[in-house]
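In what follows, a single structure is set out as structure tokens and then discussed.
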Amino acid sequence: MTAIFSDDVKPEACQGRVIAIVPAAGIGARMGAAVPKQYLPLCGAPILSHTLRRLLSHPGIDIVVVALGEGDSWFDSLPEAGHPKLVKARGGKERADSVLSALGSDVFGEADWALVHDAARPCLTHTDIDALLASRSRFPQGAILAMPVRDTMKRAGGDGAISETVCRNALWHALTPQLFNASALKHNLEQALAAGAVITDEASAMEWAGVHPGLVSGRADNIKVTHPDDLQLAALFLEAQQVLQAQQAAEQISS
Ligand SMILES: Nc1ccn([C@@H]2O[C@H](COP(=O)(O)OP(=O)(O)OP(=O)(O)O)[C@@H](O)[C@H]2O)c(=O)n1
Ligand SMILES: C[C@](O)(CO)[C@H](O)COP(=O)(O)O
């Protein structure tokens with residue numbers, strides 16, 4: 001195994017372009033809707049539209065590659081589909097396969113960064129993107145948005161009762177975006193998948209190769225829409241963000 005470790009990331013790599021990858025090829029089985037959940041309406045637009053708008057409008061993101069499921073007949077009708085910064089890629093069987101497929105797009109150069117963000121996380125803010133991009137100087141090996149665990153954590157036994165309490169010290173929820181040197185991520189993801197490793201996020205592929213990605217504290221409203229009751233919560237978060245933005249704009253005008 002010739003994994004790429006953190007000291008393989010050259011200091012100048014922090015200067016490369018930032019290319020977002022949006023894995024959007026899932027079927028949303030846990031949502032149980034008639035269409036893949038990324039196309040369900042939320043505050044007047046499909047979930048994927050909200051996610052793409054937030055990435056496409058960020059000045060630090062140069063290109064957005066979206067990985068779509070085979071036979072996806074919804075994407076091309078989105079207003080964002082014709083955006084000049086947007087590139088389409090074919091998704092894969094699992095999320096990691098979709099990310100790897102997107103990393104194979106010819107837009108990527110050696111020094112570029114891959115910022116991977118779930119299509120199903122429509123409440124992402126520019127504040128969080130800024131924080132993750134700024135972390136490159138502290139974490140040249142890459143980093144992820146994450147949130148410290150706040151609750152006592154229990155492991156369920158087979159009978160539906162508690163089998164144990166899991167120590168929550170230093171436990172974090174991994175969120176997205178996750179930011180890595182694109183060629184290092186592609187190489188390590190290929191090696192990890194070929195070795196049969198279970199890869200549920202980009203950081204786990206880098207960790208498999210011996211890299212220790214940084215943790216960047218992210219917002220609690222950056223939820224992943226997974227189950228039906230997440231839709232109402234995401235709508236509340238989007239509405240709250242819109243109210244706050246309007247208030248901040250009004251204060252700027254009056255100041
Ligand atoms: N083969 C896959 C599976 C998932 N995803 C994407 O990865 C993100 C996070 O995955 P998840 O929330 O699990 O979405 P689904 O796989 O669609 O949900 P489920 O597991 O309930 O089917 C989603 O934006 C989903 O579209 C993907 O691009 N390719
Ligand atoms: C990538 C991720 O969102 C980090 O928490 C999560 O691993 C995705 O998991 P899923 O089962 O593919 O939704």
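Note: Cβ is positioned from N, Cα and C throughout, glycine not excepted.
Over in TrEMBL, the protein carries these features:
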SITE      R30  site 'Transition state stabilizer'
SITE      K37  site 'Transition state stabilizer'
SITE      R168  site 'Positions MEP for the nucleophilic attack'
SITE      K224  site 'Positions MEP for the nucleophilic attack'
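Annotated features, which come from TrEMBL, shown on the structure.
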| residue | record | DSSP (3 states) |
| --- | --- | --- |
| R30 | site 'Transition state stabilizer' | coil |
| K37 | site 'Transition state stabilizer' | helix |
| R168 | site 'Positions MEP for the nucleophilic attack' | coil |
| K224 | site 'Positions MEP for the nucleophilic attack' | coil |
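In terms of local Cβ density within 10 Å, K37 ranks first among the recorded sites K37, R168, K224. In terms of C-alpha distance, the listed recorded sites R30, K37, K224 place K224 closest to R168 (site 'Positions MEP for the nucleophilic attack'). Highlighted here would be the recorded sites (R30, K37, R168) whose C-beta falls below 6 Å from ligand 2, but none qualifies. Cα of R30 (site 'Transition state stabilizer') to Cα of K224 (site 'Positions MEP for the nucleophilic attack'): a span of 12 Å. A sphere of 10 angstroms centred on the C-beta of R30 (site 'Transition state stabilizer') encloses 13 other C-beta atoms. For the pair K37 (site 'Transition state stabilizer') and K224 (site 'Positions MEP for the nucleophilic attack'), the Cα-Cα distance reads 11 Å.
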